Amino acid sequence: MAGGGVESGAPGKRAHLYEHRFTNYFAFTCIVGALGGSLFGYDLGVSGGVTSMDDFLKEFFPKVYRRKSSHLNETDYCKYDDQVLTLFTSSLYISALVMTFFASYLTRIKGRKASIIVGALSFLAGAILNAAAKNIAMLIIGRVLLGGGIGFGNQAVPLYLSEMAPAKNRGAVNQLFQFTTCAGILVANLVNYFTNKIHPYGWRISLGLAGVPAVLMLIGGLLCAETPNSLVEQGRLDEARRVLEKVRGTRNVDAEFEDLKEASEEARAVKSPFRTLLKRKYRPQLIIGALGIPAFQQLTGNNSILFYAPVIFQSLGFGANAALFSSFITNGALLVATVISMFLVDKFGRRKFFLEAGFEMIICMIITAVVLAVEFGHGKELGKGISAFLVVVIFLFVLAYGRSWGPLGWLVPSELFPLEIRSAAQSMVVCVNMIFTALVAQLFLMSLCHLKYGIFLLFGGLIVIMSCFVFFLLPETKKVPIEEIYLLFENHWFWKNIVSDQNQRTSNGKPVAIV
């Protein structure tokens, strides 16, 4: 149904002449670039664990602690329903969506490296402030700085990886971002598991250690080369060619370099990239890459589970350490799934992973809702057998997400946009992603309280909708050079009617311009 492919010898394009060999320099640039994901991942993992720690709640949210203590021996969907507590988590993502527009300007004018460095500095400052927090105001300001770091990092890093990677390996390389995100989540859960036993300041250690990936990203940003695409866009052609030869491992880069220069000439003609993004010929990229996929990634419900896994498991009757350990197991599934996706996504393609994993996620959400409807909410803890079964189901859900919407939610948007609108479009991707991340983070515990098991049925229904979206509207992008992606839409069964080269339609026998 996706329709459309790209012939390697398409007129005016030279993808069939591209050459590349693996080099240690290329590996270094990609690994360091991918460290940006560890910022996002560590925060995703650490926030939910910290908000379930008694010492943290006693100091900043005593009402939540008293409510939790009063329900210590019973299950309660509403133990953690507190909007200020969830603001601690969601304020970061509100900040990130605002800062990504500043990142767009910096990324386009000064390059991808500049945004990576600024993001690392902002995240480091936020980690220090959170670790030293004495009141809620300090916590929130620290979260805003962390959000700035994520806004800049998430805007620049996926672009950096996609532009550094050769087309045949772009999927695996770009998923290094998701891999380091998952690794950050896993490390954060492990840190929380141990710091929960350090009283009364274990939570400070958890929040302060966010500075470690920020320092690594800062060092990497200073040492790595700028992408050839960005250097060409800035007019630094000689340097761009040297970097391209270095990352491709060959001096025979004439074909790719010529395509980059042509794309750059088109990009320089664009004075207002955000306005250009709204043009008719970019409608598929706008709807699929900038709006649909980043919103749907959050509406799968997975990040809600990652944010609040310890809280959810405690609400379902698990003890504090058992809750943190269970969330550590589920996040281990996310890391394993990402490795699977890295090795197979360029072989099987994006669409198959989206659709196959989507079916599994729907089944897992339905099973979770049914089990909770039957066994939970009667003032008693879940039995060990049922609890173990729920952990397995959530594990399978995360395993499916981790090889589909998790990594592909960043990969597919980063490869859809031509150079002239790429930085602006990536800002839109991050903005939409963060809007829905913040909404889900802010509303999830309240929804869990009011909808109870119905929240999982809601997520299941949303996954049905997004799977249909992928099936009908997303063409396969594997192994297609970024500068030729637009050809997919010109051959797509639906999009070709919108992005056709024909610039006029006939109305009452008179030509009418398409705008």
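Using N, Cα and C of the backbone, Cβ positions are placed for all residues, glycine too.
The transmembrane segment annotation in TrEMBL covers 22-42, 84-107, 114-133, 139-161, 173-195, 201-225, 286-311, 323-345, 357-376, 382-402, 423-445, 451-474. The domain 'Major facilitator superfamily (MFS) profile' annotation in TrEMBL covers 29-478.
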- Message: Take the C-beta pairs under 8 A between the transmembrane segment (173-195) and each of 84-107, 201-225, 382-402, 423-445. Which stretch has the highest count?
- Response: 201-225
- Query: By Cβ distance under 8 Å, which residues at least 6 away from the ends of the transmembrane segment (357-376) in the same chain are close to it?
  - Reply: 75, 300-301, 316, 382-383, 386, 389-390, 393-394, 396-397, 399-401, 403-405, 452-454, 456-457, 459-460, 463-464, 466-467, 470
- Test the contact criterion for the transmembrane segment (423-445) and the transmembrane segment (84-107): 3 or more CB pairs under 8 Å, pairs 6 or more apart in sequence, then answer yes or no. yes
- Taking residues 6+ outside the transmembrane segment (201-225), which of them lie with a CB under 8 Å of any CB in it? 28-29, 32-33, 35-36, 38-39, 42-43, 46, 49-50, 53, 55-56, 113, 116-117, 119-121, 123-124, 126-128, 130-133, 142, 146, 149, 153, 184, 188, 191-192, 194-195, 243, 246-247
